[in-house]
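Novice: Take a look at what Swiss-Prot says about it:
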ACT_SITE  S152  active site, nucleophile
BINDING   R221, D349  substrate binding site
ACT_SITE  D315  active site
ACT_SITE  H348  active site
DOMAIN    375-431  domain 'CBS 1'
DOMAIN    440-492  domain 'CBS 2'
Amino acid sequence: MKKGSVGNVETKTYALPNELVLKSGKTLKEVNIAYETYGKLNKDKNNAILVFHALSGNAHAAGIHKTDGKLGWWDALIGPLKCIDTNKYFVICSNVLGGCNGTTGPSSINPDTNKPYGIDFPVITISDMVTLQKNLIDHLGIKKLFSIIGGSMGGMQALEWCATYPEVINSAVIIATTSSSSPQQIAFNEIGRRAIMSDPKWDGGKYYYKNQPSEGLALARMIGHVTYLSKDSMHEKFGRCLQDKNEYGFNFETDFQVESYLKYQGDSFTKRFDANSYLYLTKALDYFDLTKNGSLSDAFEKLSAKIMIVSINSDWLYTPEEAKEIVSAMSTSGINVKYHEIKSIYGHDAFLIENGQMSYIISEFLSEKIVENIMTKNFSTIYENETIKKAASLMVSKNITHIPVVSNENKLLGIITAWDVSKSIAEENSIENIKISQMMTKNVITAFIDDKIEKIAIKMQEYNISCLPVVDQNGLVIGMISAENITNTITI
């Protein structure tokens, strides 16, 4: 079948019913969040994927926007039969807090003054962005996200979700990012901010009814854009080629193609982005640090989701070494984490360019479901000195066919099934007097939380079993997985 587009889309807006309390302690009134959705939320509301955009992105991640006809910034990856398959998943992307594409930010109207906030807008953090996103997810009635996916600043948002709302996510793909902004990254952001604030048209951030500080914003974008490229990609794209001339001009006009390219990037950016938003979002990047309250592994101590960390070998803004630090911290916390390094000459921007590699990584990761994702955690157990009658009563009241037999420490000793109960009755024994220990199966086939679903399905078929206890490394029962669980998962 041919991969397709989600078609024409429009941006929706959700207005928070209450004030938003920020990390700084300040509050925002009348907060709006702009978002788009693709695909359908299923009946159980367990097929939602939340996608996060990078610094200059917006909620329009896929499809063709009804207002301007523009294609979504990740349209190559989101859509029917694409790696983020909208035939299977309900995909959500929102504009971040502090942005300038529909979500409340410095260009929004301050309800207290009826004028744009400007720099009266409170300084925000990545954590504040995530808090607003959680409000949106709650509004949509989603209790648990199938996955979260983001690159660069979007990767920071994904990490913040892992640390703040670990119980809400099943998995995460975290791309080309860091767990804390480095001095070098902060330095580039500060240079960009100074370029904007040094532009006379910035006027203390009060330029909304005049002209935007376009020269300062363009310069900030030029500086930032260099960090998204690599030495090799710039050499391949531009070399030392001149722009529309054969000889040097011997003046301070544009000579080289790379100069013309950066000027174009800067000028075009001013037509779609707000200068004050650039100040606020880069400041949020600077403040991002998951290690500030202790070790990085401590930030993930409650995380049980499976994780994919992706880096780019030529990325010098958020290096592979920084990605590996995240992998190490998660591994220390016992998290099921995988790592993939994209091979590309395109630097930081490769996650938006290398569509083939990104599609493979994401599709393989999303389709690789493990026991932990679907097992039943609310299950019944029984002791070996209890009776078959007790087991029969449990099976009827709970509508189950398999009950793990455990010790006082919850260690697996055996399993009792509906077949065992039926056998006792058929043999005309008094089930009131028969102990579980007399009828239970002691050699139990089990599953572990990180087993692949495909492996468990094969095991069930091989042994003609419809339900398995899930145990940890100490043999303690932590869940149950049934053929029905697996069937329901395959249909997502």
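Residue positions begin at 1 at the first shown residue.
Each Cβ is built from the backbone N, Cα and C atoms, and glycine gets one as well.
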Novice: Mind checking how the domain 'CBS 1' (375-431) divides into helix, strand and coil residues in DSSP?
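Specialist: DSSP classes over the domain 'CBS 1' (375-431) add up to 20 helix, 16 strand, 21 coil.
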Novice: Between the recorded positions D315, D349, where is the Cβ count within 10 Å the lowest?
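Specialist: Candidates: the recorded positions D315, D349. Fewest Cβ atoms within 10 Å: D349.
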Novice: Take the domain 'CBS 2' (440-492) and average the pLDDT across it for me.
Specialist: 88
Novice: Looking only at C-alpha atoms, tell me how far D349 (substrate binding site) is from D315 (active site), rounded to the nearest Å.
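Specialist: Distance between the two Cα atoms comes out at 8 Å.
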Novice: Roughly how many angstrom lie between the C-alpha atoms of the residue listed as 'active site, nucleophile' and R221 (substrate binding site)?
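Specialist: Here the two Cα atoms are 16 Å apart.
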Novice: Expressed to the nearest Å, what is the distance separating R221 (substrate binding site) and H348 (active site) at their Cα atoms?
Specialist: 15
Novice: Under DSSP, is H348 (active site) helix, strand or coil?
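Specialist: Note: H348 (active site) is helical by DSSP.
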Novice: From the Cα of H348 (active site) across to the Cα of D315 (active site), what is the distance in angstrom?
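Specialist: Taking the Cα atoms only, D315 (active site) lies 5 Å from H348 (active site).
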Novice: How do the residues of the domain 'CBS 2' (440-492) split into helix, strand and coil according to DSSP?
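Specialist: Within the domain 'CBS 2' (440-492) the tally stands at 19 helix, 15 strand, 19 coil.
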Novice: For H348 (active site), write down the residues of its own chain that are at least 6 apart in sequence and whose Cβ falls under 8 Å from its Cβ; none is a fine answer.
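Specialist: Correct list: S152, A176, T227, Y228, L229, S230, I312, D315, W316, L317, Y318.
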